[in-house]
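Q: Got a structure for you, questions after.
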Amino acid sequence: MDKLIIKGGKKLSGEVTVSGSKNASLPVFVSTILAPAEHEFSNVPFLRDINTTIKVMEQLGAKIEGNGNVVRIDTRGIDKHEATYDLVKTMRASVLVLGPLLSRFGIARVSLPGGCAIGARPINLHLKGLAAMGADITLSHGYVEAKAKQLKGARINFDVSTVGGTEHLMMAAATAKGETILENAAREPEIVDLANVLIKMGARIDGAGTDTIRIDGVKELGPVTHRMMPDRIEAGTFMIAAAITGGDVKIRNMQLEHLDALVFKLQDAGVEIINKDNVVRVKGPKKVRSVNIKTRPYPGFPTDMQAQFMALMCLADGASVISENIFENRFMHVSELMRFGADITTEGNAATVKGVKKLSGAPVMATDLRASASLILAGLASDNTTEISRIYHLDRGYEFIEKKLAGLGADIERVQE
C-alpha cells in the first residue's frame, strides 16, 4: 500500500493544469448506455472511479478503449441488464446505470451500493422518481430490480437537492414517452455537462443548471463526441494549496465561475485571485484571515471543498466556524488535522477552528477522498515531515496530484509502505 511523504514549508509557485472532471465523467459514461453507438470523450481523468465505471460497463457488454485522456465507448454490444455487487460496492455512482438500462431493455437489476441505507441516502429519491415514471421496483437480497415496458414522462419534485438523482432521472427521461419535469433539481455544472452530452446525442432538454429541468423524450439517441469539463474541486484544491503555503500559482484549464462561493471566501480570507486570459493566478498572504463557511448545494459553498478550507483555517488569524449542511459524518478529517497541532472542536454539524501559529508534520491516515486532500494541504504548510497513509482514497478523485504539486515546488513523494 502506498503512502505520501511531505516535507513542508515550501511556498508553491509555477503553473499547474487541472484535469477533466471526475464527477462529470461518471454519469456521462453511463449515459452512453442509452445510445447503442460509438462515442468518444477527451480530457478524461485517469482515476480509480473512472476505471470502476469502465469495468461496470464492460461487464454489461460495452467495448471500451483508452488512449491517454481519450476514451472510446462502443455500447452497441451491451446485452446484459445487471450490475453486480462486486463492482457496485466500490462506488455509489454505479447505481446510475439502473435508469439507462431500464430505458434500453425494459428491465434492470443493480446491486445496492455498499453500506447504503435506503432511507438515509438520496438513492430513495432515484427510485421514487423512476416509480413515478411507471417503473415497477422491487428490493430483494441487496438488489434493486426495475421493470417497465416504456417509461413515461412525469412531474417529479425532489424532497431535497440531489445531484445523482437529477442526473439519473434526466437520463431515464431522455427516451421516455412524453415530457418529464424535474423540480427542485440540482444545479451543479456537472449536470449541465451531462445535459449537453445528451443534447448532442439528440435529447431534448431545457433548463439544466436551474432548479426546473424539462425533458421531452425522444425515440432514440445517437453517437457523441465530447470534451469533459475541468474538475472544479481539483481546481479549488490547488487554489487552497497556493493560499496555505503563501505561494503564487497559475492554474490552467479551470472555469472560475464554477467556484464563485469558494473564490468569495478565499478573497475574504485575504487571498489574491486574478483571472486573466483563462489562467487563474492565486497569491497567498503571509497570514490568512479567519472566515466562516456553510456548505450548501450549488451555487453555495461546495461540501467537497469543506475539508480543504478547514485545513486553511487551521493557520488563520482568529477563529472560524465551519458548518456542514450536506452530509453527515463529514468531519472525519478533524482528528487527523489535530495531529498537526490544529485547534478544532466540533458540535453537531459545526466545527470551530481556532487558528494556530504553525502546524507540525505528523503521521496521519486518510479517511476519504476530500479528507485526504486536506491532510496534504496541512502537510505542505507544516514544519517537519508528514506521512499520509491509506492514500488509495486520493486515487479515486485526483489525477497525479503528487506529481502536479512537485511541479509547483512541493517536496512530496509517493512510496510503498
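FYI, residue positions are counted from 1 along the chain as it appears here.
Placed from the backbone N, Cα and C atoms, the Cβ positions cover glycine too.
As listed in Swiss-Prot for this protein:
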{"type": "BINDING", "residues": "Lys22, Asn23", "note": "phosphoenolpyruvate binding site"}
{"type": "BINDING", "residues": "Arg92, Asp304, Ile326", "note": "UDP-N-acetyl-alpha-D-glucosamine binding site"}
{"type": "ACT_SITE", "residues": "Cys116", "note": "active site, proton donor"}
{"type": "MOD_RES", "residues": "Cys116", "note": "2-(S-cysteinyl)pyruvic acid O-phosphothioketal"}
Q: Show, in sequence order, which residues other than Arg92, Asp304, Ile326 on the same chain lie with their Cβ within 8 Å of the centre of the Cβ atoms of the UDP-N-acetyl-alpha-D-glucosamine site.
A: Val163, Thr303, Phe327
Q: Roughly how many Å separate the Cα of Asp304 (UDP-N-acetyl-alpha-D-glucosamine binding site) from that of Asn23 (phosphoenolpyruvate binding site), to the nearest whole number?
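A: That comes out at 11 Å between the alpha carbons.
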Q: Please report the Cα separation of Ile326 (UDP-N-acetyl-alpha-D-glucosamine binding site) and Lys22 (phosphoenolpyruvate binding site) in Å, rounded to an integer.
A: 19
Q: What does DSSP call Lys22 (phosphoenolpyruvate binding site) in the simple three-state scheme?
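A: The three-state answer is helix.
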Q: What is the biggest Cα to Cα gap, in Å, among Arg92, Asp304, Ile326, the residues listed as binding UDP-N-acetyl-alpha-D-glucosamine?
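A: Those residues reach a largest Cα separation of 16 Å.
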Q: Look up Asp304 (UDP-N-acetyl-alpha-D-glucosamine binding site) in the DSSP assignment and reduce it to helix, strand or coil.
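A: In the DSSP reduction, Asp304 (UDP-N-acetyl-alpha-D-glucosamine binding site) maps to helix.
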Q: Any idea what DSSP makes of Ile326 (UDP-N-acetyl-alpha-D-glucosamine binding site), helix, strand or coil?
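A: Once the DSSP labels are grouped into three classes, Ile326 (UDP-N-acetyl-alpha-D-glucosamine binding site) ends up as coil.
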Q: A 10 Å Cβ contact count, applied to the binding-site residues Lys22, Arg92: which residue has the minimum?
A: Arg92
Q: In angstrom units, rounded to an integer, how far apart are the Cα atoms of Arg92 (UDP-N-acetyl-alpha-D-glucosamine binding site) and Lys22 (phosphoenolpyruvate binding site)?
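A: About 13 Å separate the Cα atoms of these two residues.
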Q: Which residues in the same chain, at least 6 apart in sequence, have a Cβ under 8 Å from the Cβ of Asn23 (phosphoenolpyruvate binding site)?
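A: Val163, Glu188, Glu190, Asp231, Ile233 - these are the non-local Cβ neighbours of Asn23 (phosphoenolpyruvate binding site), listed in sequence order.
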Q: Please give me the CB contact count at 10 A for Asp304 (UDP-N-acetyl-alpha-D-glucosamine binding site), counting all chains in the structure.
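A: If we count other Cβ atoms within 10 Å of Asp304 (UDP-N-acetyl-alpha-D-glucosamine binding site), we arrive at 21.
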